[in-house]
C-alpha cells in the first residue's frame, strides 16, 4: 500500500512537471512581464533593444521589415512597428489565464503572420532576444524557465505548429 | 733588426738605411735624458692670472649651484602637485552630488559637455546612440570591473537584518560572459564572503549571479544555486571615477532593502 502511494505521488509529480507553462507559471510570467513591459520611454527602449538583439542574430530578418524601415531600428516608423509587436505580445501574455480568449488572440496573430514566409529561426531569434533583454530590463526577480516556457507557448501559437 | 740583415739576401742599400735609423733613436734618447735633467720652466705671471680667473669662475658656479640646491629644497617643502587619482575622485564625488539629470530607472548619462540621457539598454552595443558617442566610449565600455578574479573588499557595517559588528566583506568575480546579440550587460557569477567572526573565523559565503551594467556602472549580484548559506545580494556602484573603487550595499534581493554598506576597493 505504502509503495503504491509512493508510486502514485511520483507519477503525479512527473505529470505536473511535464506540463510546461502551467497556470502558476503563467501568473508568474504575466506579473514579471508587466514589470518589464514598463511604460513611456522605457517601453520604447525595451522594444528597440529586443529588435536590435533579433537583428544581431539574424541580420537577414531586416528584409522582412522594409515597409517599416527595418534598416534603422531608431526610425520612427520602425519604433511604431516594434511597439505594435510588443502590444500584441502583451495582449497574448495578459490572456494566458483565459484559455479561450488566448486561443482567439493567437489565431488572430497567426493569421497576420501567415503568408509572410517567416522561417522558424526568426521566431527563435525573437525568443532568444527576449530572454536576453528581459533580465536586463527587470534587474531582479526573474524566472528564466517560466519566460522560456510561456514565450514558446505563445510563439508556437503564432507559428501555427 | 740585425738578424734580418744577416740574411744572405740583404742588399747594400738596406744596410745603410738601417744604420741611420739606429743613429736617430740614439740621438732621441740623448735628447730625452737632457730634457729630464733640466728644471721645469716657471709658469708666467700671465698664465697664473688666467688660472686665477678660471678658478674664481668655477667657485662662482659652485656657489650658484648651492644656491639653486637650497632653493629646490625650499620648493620641495611647499608640497607636491595633487595626485591625479585624487582629482578624479573629487570630480566624481561632486558630479554624484550634482546628479545626472536622468529621470527614468533605466536612463544613464552620456557624459561630455552637453548633457544627454539614453537608456542603459543601448550602452556598448556597437551602435552610437549618444550625440557625442559617449555610450560607445572605450572607458565607458571597459570590461575591467567584471574580469574574472576581480575582488572587491571593504568593511561592512550593518544597519539592519543582522547584528554583526563591522567586519570584512569580499566580492570575488568567478566567471563572466557577454551575449553576442545583447552586449549592454556582462553576465557574471561571483561569491560574497562575510568574515563575520574574526576570532573563530566563521565565514559566510553566498554564491552570486548577476550582471554588470555599463551605463549605470553598476554590478548587481543576487544569490544563486542551492549550496547557498546566505540569502543576501550585492549591489556595487563604481561611481568614484575609476574601475577600482565602488560604493557597495548588501541587500535583500526581493525588496532591495539595504542591510549593510561597504566602501569597496579592488584587491
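Cβ atoms here come from the backbone N, Cα and C positions, even for glycine.
Because TrEMBL annotations are produced automatically, they should be read as predictions rather than curated entries.
TrEMBL lists A:1-17 with the feature signal peptide. The domain 'Globin' feature in TrEMBL is assigned to A:20-161. Positions annotated as disulfide bond by TrEMBL: A:21-A:150. Annotation source TrEMBL lists heme b binding site at A:113.
Comparing residue A:21 (disulfide bond) with the residue listed as 'heme b binding site', their Cα atoms are 23 Å apart once rounded. Residues belonging to the domain 'Globin' (A:20-161) score a mean pLDDT of 94 in the model. Between the CA atoms of residue A:150 (disulfide bond) and residue A:113 (heme b binding site) there is a gap of 19 Å, rounded to the nearest whole number. Secondary structure at residue A:113 (heme b binding site), taken from DSSP and collapsed to helix, strand or coil, is helix. Residue A:150 (disulfide bond) falls within a helix when secondary structure is assigned with DSSP. Least packed by the Cβ count within 10 Å, out of the disulfide-bonded residues A:21, A:150, is A:21.
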